[in-house]
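Worksheet: the structure to be examined is printed underneath.
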Amino acid sequence: MATAIYLEHYLDSIENLPCELQRNFTLMRELDNRAEEKKGEIDKLAAEYITNVKNLASEQRVEHLQKLQSAYSKCKEYSTDKVQLAMKTYEMVDKHICRLDADLARFEKELKEKLAVSTEESPDGRALKKDIKDKKGPKGRGRKVSEEDSPRKKKLKNRPEVKVSVLAAHSSDVLDMPVDPNEPTYCLCHQVSYGEMIGCDNPDCPIEWFHFGCVNLSTKPKGKWFCPCCVEDKKN
């Protein structure tokens, strides 16, 4: 039932998206054609000016240069409008992607809560909980972790270990969702782009982009930022 509600609401929100995208792409194509026409006009005016500049009077030179300036300004205007329209289109699609990510996370959380409640209420769940409690002993203590086994005392020796340790620390922040084989993956979690992300300032970083939660960030840091893998490489 919850799945149907989420799906219905999301489909309603993207009902007009194809038409809006088609309209924006058509406008972008028209603006691009106008800009190309103006560029051809600029080349023609420039060639005429260079050819006849010696024979033109001062007023004619000024008039010709003004035509060139006007054509250039119009071409720049078309190009600027096209870029702004492309950015608007990207933000429009990104908004729907972010909403889908948020709905998936919310739906996953609800499923986990319902599963936990149903497990605790079932006879098998209560028996399993009691069995685990009995195995812990009278005081409920488990095996004592030595200093060498403590995660804080372990030193990271190579990059794969850095990935595993950081990913384990933030596994709860990563959405366990199926990945589109045609969509690129990022971060230590090898998931697609979602939510807020930050780029590593090391130009040779093999991963480049990371989710905030996977690298223990809540806001974008000031200045340059390097991922855990690159920081560990510098230390070594």
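Along the chain as shown, residues are numbered 1 onward.
Even glycines carry a Cβ here, placed using N, Cα and C.
These come from TrEMBL:
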{"type": "REGION", "residues": "115-161", "note": "region 'Disordered'"}
{"type": "COMPBIAS", "residues": "123-137", "note": "compositional bias 'Basic and acidic residues'"}
{"type": "DOMAIN", "residues": "184-233", "note": "domain 'PHD-type'"}
{"type": "SITE", "residues": "TYR186", "note": "site 'Histone H3K4me3 binding'"}
{"type": "BINDING", "residues": "CYS187, CYS189, HIS211, CYS214", "note": "Zn(2+) 1 binding site"}
{"type": "SITE", "residues": "MET197", "note": "site 'Histone H3K4me3 binding'"}
{"type": "BINDING", "residues": "CYS200, CYS205, CYS227, CYS230", "note": "Zn(2+) 2 binding site"}
{"type": "SITE", "residues": "ASP201", "note": "site 'Histone H3K4me3 binding'"}
{"type": "SITE", "residues": "TRP209", "note": "site 'Histone H3K4me3 binding'"}
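Cα separation, CYS200 (Zn(2+) 2 binding site) to TRP209 (site 'Histone H3K4me3 binding'), rounded: 6 Å. Within its own chain, TRP209 (site 'Histone H3K4me3 binding') has TYR186, CYS187, SER193, MET197, ILE198, GLY199, CYS200 as residues 6 or more apart in sequence whose C-beta sits under 8 angstroms from its own. Other residues of the same chain near the Zn(2+) 2 site, with their Cβ within 8 Å of the Cβ centroid of CYS200, CYS205, CYS227, CYS230, are ASP201, ASN202, ILE207, GLU208, PHE210, PHE226, PRO228, CYS229, VAL231. Between the CA atoms of CYS205 (Zn(2+) 2 binding site) and HIS211 (Zn(2+) 1 binding site) there is a gap of 15 Å. Neighbours of MET197 (site 'Histone H3K4me3 binding'), defined as other CB atoms within 10 A of its CB across all chains, total 17. Annotation for the binding-site residues CYS200, CYS205, CYS214, CYS227, CYS230: lowest Cβ count within 10 Å of the residue's own Cβ, CYS205. With every protein chain in view, the residue among the binding-site residues CYS187, CYS189 whose Cβ has the most Cβ partners within 10 Å turns out to be CYS187. ASP201 (site 'Histone H3K4me3 binding') and HIS211 (Zn(2+) 1 binding site) are 15 Å apart (CA-CA, integer value). Within 10 Å of ASP201 (site 'Histone H3K4me3 binding'), counting CA to CA, the binding-site residues CYS189, CYS214, CYS227 contribute CYS227. It is 15 Å from the Cα atom of CYS214 (Zn(2+) 1 binding site) to that of CYS230 (Zn(2+) 2 binding site).
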